[in-house]
Amino acid sequence: MYYFYVISNARKCSITLQRRTVAPEPAAEPPSLDRSAVEREPVDLEEEEELPLKYGAKHVIMLFVPVTLCMVVVVATIKSVSFYTEKNGQQLIYTPFTEDTDTVGERLLNSVLNTIIMISVIVVMTIFLVVLYKYRCYKFIHGWLILSSLMMLFWFSFMYLGEVFKTYNLAMDYPTVAMIIWNFGVVGMICIHWKGPLQLQQAYLIAISALMALVFIKYLPEWSAWVILGAISVYDLVAVLCPKGPLRMLVETAQERNEPIFPALIYSSAMIWMVGMANPARHAEPTNQDTGSSDEEAHRSEGSALARDWVEPETQVSSGMNRSYSTEDDLDEEDRGVKLGLGDFIFYSVLVGKAAATGGDWNTTLACFVAILIGLCLTLLLLAIFKKALPALPISITFGLVFYFSTDNLVRPFMDNLAAHQFYI
Amino acid sequence: MTAAVFFGCAFIAFGPAFSLFIFTIAKDPLRVIILIAGAFFWLVSLLLSSLVWFIATKATNAQDLTLQKNLLIFGSIFSVILQEVFRFGYYRLLRKANEGLAAISEEDGPPLSVREMAYVAGLGFGIMSGAFSMINTLSDSLGPGTVGMFGDSQYYFITSALMTLALTMLHTFWGVVFFEGCERKRWWVIAVVLCVHLMVFSLSLLNPFYVGSILPVYAIMLLMAVWAFFSSGGSLHNITLLWTCRKSNAETSS
């Protein structure tokens with residue numbers, strides 16, 4: 001049970017938010033400048049100022065929809081399948097301290113210790129990945145990611161299917177289940193690691209994030225989960241914004257090498273990719289470097305590259321990174337896409353799922369949902385203003401946590417009383 | 001309580017708001033964002049008012065039921081006032097954002113007119129208010145139970161759904177009227193909206209005397225609908241054009 005965590009642990013929440021554009025640029029421009037860079041290189045200032053506004057709202061919605069879908073899947077599962085809310089004393093190896101203690105102080109201490117261990121594991125994994133990326137051990141990362149996604153797509157979904165059948169008391173035979181899981185898993189691996197329709201890739205990424213979030217909700221103890229959520233948003237902030245943060249170093253390394261970073265493990269809303277995005281799989285270059293959990297990122301990068309190939313089969317790829325700009329001139333502004341790391345999906349869903357699991361109050365769940373969406377909106381607004389990679393966790397998780405605790409403790413009794421008397425404010 | 005009750009009450013309470021969302025808001029990303037931000041503002045106002053109520057209850061004797069009920073009423077009145085304050089705050093925020101968008105956009109004028117924003121903001125407030133009032137009741141209606149076992153009214157679910165619908169629509173109309181009043185610097189409109197909101201809340205105090213609460217609330221809703229229609233530029237001429245199915249340059253919002 002714990003084995004797969006060695007592989008797929010660590011922070012899946014990568015750099016999270018990048019703004020990329022495929023704005024057409026003169027071919028004379030050296031390739032090191034634009035596409036592969038994380039930042040958007042504007043063509044001219046006017047266009048740049050207007051474009052965030054022109055495309056800001058659309059891209060916010062392009063992220064709202066998958067985040068909402070992921071949260072809906074997690075909340076629906078939590079409310080119906082009781083397996084994910086049962087605590088049977090089993091905990092992850094990364095949170096060894098139990099919360100069945102005698103005093104509140106001890107429980108708090110244990111949860112803080114659990115958080116410290118979990119965050120250290122994540123930091124270590126991230127740094128390990130940065131080191132691997134720096135020394136170009138692409139094959140190792142690639143293998144790690146494939147193994148991880150195998151685990152997610154086959155084992156976790158088999159468990160999930162089993163629990164759903166148990167909940168609804170459906171009789172099922174093993175050959176049918178084997179066929180279902182086999183097809184689901186293989187199509188998922190193909191979509192994520194190789195070629196596939198964009199929407200199917202997006203669907204698989206949402207499914208994987210939801211599965212991962214459910215596992216976290218089940219195996220993280222109560223208080224530890226909340227402290228971990230808080231700590232991980234602080235870590236995200238530090239890792240992305242500090243000059244020596246691992247994620248920032250990753251971004252800068254990728255920029256120096258003119259490679260796109262984190263193509264996998266990142267949900268992308270755009271159909272068409274920037275120049276310099278991952279090459280077709282035959283180059284076997286894992287254009288994704290993920291800081292934390294492996295598979296999704298790698299898969300995403302392959303997926304994204306392939307999505308592009310799928311969209312434009314005649315693209316000429318001169319070198320690994322360059323691309324003829326002429327095709328891009330024909331692209332309209334739809335190619336501008338926003339990307340969000342899968343770790344963000346996972347932690348947003350963990351927050352909303354835990355709000356749904358504890359107490360069963362729908363008002364709290366709804367409040368957390370709205371808070372997270374508004375946080376995401378603000379993050380995207382900041383992205384439009386600053387135009388560089390930003391952490392997507394801090395604002396949303398802060399809002400989510402504030403709204404969870406205040407709605408659960410303050411608003412819930414108020415609204416319950418009002419509903420009991422049928423007063424309408 | 002059956003699935004029929006659940007679906008019936010769900011559609012009564014949320015049907016119109018949901019259809020309005022699907023037909024007028026879902027297509028435009030900017031409207032969706034303004035809707036969700038409106039919901040957020042309502043939520044924040046509710047949070048602050050429940051904080052005040054919570055402090056008041058904790059500071060007093062929990063056993064004294066009349067006192068608790070009075071505190072609840074006081075908390076609700078404070079919440080109504082705070083909701084209108086936040087509506088005004090949201091208006092100011094939207095005006096600022098709109099000016100920013102207008103200045104930078106290459107089209108002439110802002111991407112969303114104030115009337116559209118008024119409608120969307122009002123609907124955001126309404127949806128969130130309705131959801132918070134009704135969702136827990138709806139989820140309870142799916143489970144086992146007997147309505148009115150201790151002598152309460154049998155019609156709890158349907159009346160809740162009807163009141164929720166009225167509140168949602170009322171918030172939408174108040175949004176339209178409020179923003180229009182602020183635009184035209186008619187500050188008495190704000191006072192009137194606040195008074196009507198308080199009146200609706202006071203009528204709900206009459207529950208479970210539903211004849212005294214639901215009928216007047218719906219009457220007020222119709223009056224507000226008419227006011228909102230005329231305030232957003234509608235006229236009898238437009239209505240006649242509508243009925244005769246002729247195209248017109250009606251400037252009714254949304």
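Glycine too: its Cβ is placed from the backbone N, Cα and C atoms.
Noted in TrEMBL for the protein shown:
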| type | residues | note |
| --- | --- | --- |
| REGION | A:283-305 | region 'Disordered' |
| TRANSMEM | A:60-78 | transmembrane segment |
| TRANSMEM | A:112-133 | transmembrane segment |
| TRANSMEM | A:140-162 | transmembrane segment |
| TRANSMEM | A:174-194 | transmembrane segment |
| TRANSMEM | A:201-217 | transmembrane segment |
| TRANSMEM | A:223-241 | transmembrane segment |
| TRANSMEM | A:362-383 | transmembrane segment |
| TRANSMEM | A:390-407 | transmembrane segment |
Legend entry - Winner by Cβ pairs under 8 Å against the transmembrane segment (A:390-407), considering only A:60-78, A:140-162, A:174-194, A:362-383: A:362-383
Inset, instruction - With the transmembrane segment (A:174-194) as the reference, find which of A:140-162, A:201-217, A:362-383 contributes the most Cβ pairs under 8 Å. - result: A:140-162
Legend entry - Criterion met for the transmembrane segment (A:362-383) and the transmembrane segment (A:60-78) (at least three Cβ pairs under 8 Å): yes
